[in-house]
Amino acid sequence: MDATSSNVSKVTHIHNPVNESTNHSSSAHPSAEHSQRHCFRDGAAGELLVNANPTILLHVLSSNNLEPEDLAALEVTCKFFRKPASFPPDLALPLPELAAFDMCQKRSMFNQMKQEEKEMLKQRCGGSWKHVLRYILVGEKNYRREKSQVIAGAGHSIVITAKGEVYSFGANCSGQLGHGDTEDKFKPCLIRSLQGIRITQAAVGSMRTMLVSATGSVYVFGHDIFGGLGIFWTADVKYTSTPKLVESLKDIFVVQASIGGYFSAVLSREGCVYTFSWGHKERLGHGSDLGDVEPRIISAPMLDEIPVVQIAAGNCYLLMLAYRPTGMSVYSVGCGLGGKLGHGRRDSEDIPRMIAHFQYYNIRPMSISAGAWHAAVLSSDGRVLTWGWGYGGCLGHGSTVHMTHPTVVASLINVKAVHVSAGEYTTFVVADNGDVYSFGLGESFNLGFQVNAASGVFPFPKLVPSLAALNEKFVQISSTNTWDWLNEYMGMCHTIALTESGKIYAFGGGIRGQLGARLADDQEKMASPLRVAIDLL
């Protein structure tokens, strides 16, 4: 079990069936009664036990965290589980549907919705509470909602505990650490102004940070803009050094945020995507001014009918993982240079377009990651696909050329991946056994290899020996994926990793304190993983 998970108590909704008999006595001979308990088959004899205690059975189904696929299998294999359970408020629903609804109700993002909003989400997900549950679970897994998480920015790092507390450390020239000052921090510091607010997800950019709370609110600090510094770098640019509520999002329940080089994006619980700034011609489809800081919903003909379950912002493009009952699909929008939109060409897209390559080759995407200039996808069978700029070998295909289509990383064909993270020119893959593989540009030891290649280029995936030596099972890893003209002042790229046991390690560039420790005066980077002084157990 992931020790970084929240220990929040689970709430189970117990339904009372309409006209349920309270007399469960029987005059049958004990041997006859025993013979009727062999299985829940289509015959009436096999249904005696479950009919006698449907409320208890519903409790069992909804309190054991069954997967939506398991609930669907019950309906397929047993007539009893296909029958209406006669529980209010919807008497026609079978027990597996009610169990799925109850499990959705345990999530704060769902139980705070009005009933008509829940029904609307149900229709967008395919008309079943099992689909809604699947939609919620995929999102929770992909951006680790209500679990501990680590995020590496350009010169600073953010750590969120399962309890929703936030620690930050590293470069703080614009207040991006959220402590009310602009002094760099060389050890993890708790953001005390967030006391009483449970944070469930974070996004970092160059000199700015966004936090999402359990109630759907968004807080920002650092540069008081959503655009990129290459455009907005003027003498009167302001910053916010303590978390500030984003008022323009107060009517939107946000579940995830992501920061690109020239824009920021948020995802609502209903599966709608909103972006700020950089919305003019052939960029993010708004037709708005370059510096527009009002949230604008991204719209596309096909995307409007289905919910987005995860977003990932690169420097100048955005990926969206859309939920479908038959399987996920990936949409992209923005700058297409280098082929990073995945459509087989290098043209930009002004409205989201589905990457058809996955459906064409029957590949089911389950998670997306956007590096600054390249992208990565994790498929349902554990394969990793990459595309975009190949500088430094960050695509893992043995060369530095770009790819315009998602391409399976052949060297990992015998590895079942469970997590993928694309950085500026790096890619990390976590296997199901907790091993970590990396490839790309490792000039600052940010790939975890203690002996760098002469060119710093690692074009094939390699097991990270410095992490393997720790004898820990890793569950999440994050490397710097932000680029702008001022990154050189933030220090070299770094990486931060989280283990199943709740330990955190960091390596790579560390001159500004982003590794959680002060390096020697003549040292700018660290090859060996440093233990970050936060215990998440």
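Cβ coordinates come from backbone N, Cα and C, glycine included.
Record features (TrEMBL):
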COMPBIAS  1-10  compositional bias 'Polar residues'
REGION    1-37  region 'Disordered'
DOMAIN    148-478  domain 'RCC1-like'
REPEAT    164-215  repeat 'RCC1'
REPEAT    216-270  repeat 'RCC1'
REPEAT    271-324  repeat 'RCC1'
REPEAT    328-381  repeat 'RCC1'
REPEAT    382-433  repeat 'RCC1'
REPEAT    434-501  repeat 'RCC1'
REPEAT    502-537  repeat 'RCC1'
For the repeat 'RCC1' (382-433), would you mind checking the mean pLDDT of the predicted model?
97
For a three-state summary based on DSSP, what are the helix, strand and coil counts in the repeat 'RCC1' (382-433)?
6 helix, 23 strand, 23 coil
Counts of helix, strand and coil residues, the repeat 'RCC1' (328-381), according to DSSP:
7 helix, 24 strand, 23 coil
